[in-house]
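Report on one structure; see the data block that follows.
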């Protein structure tokens, strides 16, 4: 959940009414925009501002307010300095004036109950027993069970609260998963409770030593419950949760909400409509490439949740702001799928016709034709056998030649070594003779003296 907190796309203090929508993000591409013009706003257009409520009096603050979502800050209670996020040229850099229209469009794209159930989004049961019995199956991990009894919904806003907490109207989330014997776990910066069998380091960028070091430094959250608690701190039951294949993330976090906008479902609906289960789902990389002409996850390294979050956000904003382009893409893709299906159908028909033709020819052959065909086949098989034998013989001869050359090289090397040893021995003998002659000369000189 490294992207948590950097992924809010729309922000609105609920105490100021629906016309006070502020656009927030901590990404380098985004800067805090001013409130939409209204009678209660007294901020100048030169500096960004945030409207707060002090009792019953709205207060305009002209300094940029940044909410720190560092996991280490949550862990030890200190305000840690958030790392600077990467810069993406394709991410939107300016907030337009149609924020409220975008939010209204998002509400129109919330999944209906039928698609919500077919995609197995987590739900809360009316009674604990009935939900568990209805959805639970023997041997199914809880993270795959939409009726998990641990599912909880975001808290509802209190209309009587004079100082309500600041929450997001819409939140984009993304999780990277590891595998354990019983479930999948969010592995970005969330601690684990079960032994992990597959860290999927190629995707998550984590392994066991790295996670242990992060836990030691206090850079993780102790389990999915703490992650969900922090998400609930900035959301309410009215918050729209946005993601790509969001059902997987919500099941892992045990978050049950009916206000969901799934970019993958938006694309599937544009192509296949609302009837039945889509025949194909588009991954985030393919979706951004086809709709936005943007390359995400282009590196060979692990996925970056912050990049996936911004890709999902840009994808959703593009779809809700340009419904005609989404419909055009859906029609074009549907036509391409139909053309590919027709081509495949024609290929299969040609294969069937060819098989039928061969079968008919085989049945209509005379005994002489069958005998002649059998002789041709036998001849071809014999030619293939001879060619295979010649090839094997040539390969064997080549192997023998290589062995002979190897033996020859070994013999030459051995002969050279023996010659070198003989020369060394001869040099040693000469050295001994010279030494003996030298000693003899010294003895003669001593005798003469």
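For all residues, glycine too, the Cβ spot is worked out from N, Cα and C.
Note that this is a predicted model, so its numbers are computed, not measured.
According to TrEMBL, the compositional bias 'Basic and acidic residues' annotation covers 343-352 (among others). Packing against the compositional bias 'Basic and acidic residues' (343-352) from elsewhere in the chain is no residue: none 6 or more residues past its ends has a CB under 8 Å from a CB in it.
What TrEMBL lists as compositional bias 'Basic and acidic residues' is 360-372 (among others).
Marked as compositional bias 'Basic and acidic residues' by TrEMBL: 428-437 (among others).
If you look up TrEMBL, you'll see 169-325 marked as domain 'Exonuclease'.
For 121-165 (among others), the entry in TrEMBL reads region 'Disordered'.
According to TrEMBL, the region 'Disordered' annotation covers 343-372 (among others). Helix, strand and coil counts under DSSP for the region 'Disordered' (343-372) come to 27 helix, 0 strand, 3 coil.
Marked as region 'Disordered' by TrEMBL: 428-449 (among others).
The predicted model assigns the domain 'Exonuclease' (169-325) a mean pLDDT of 78.
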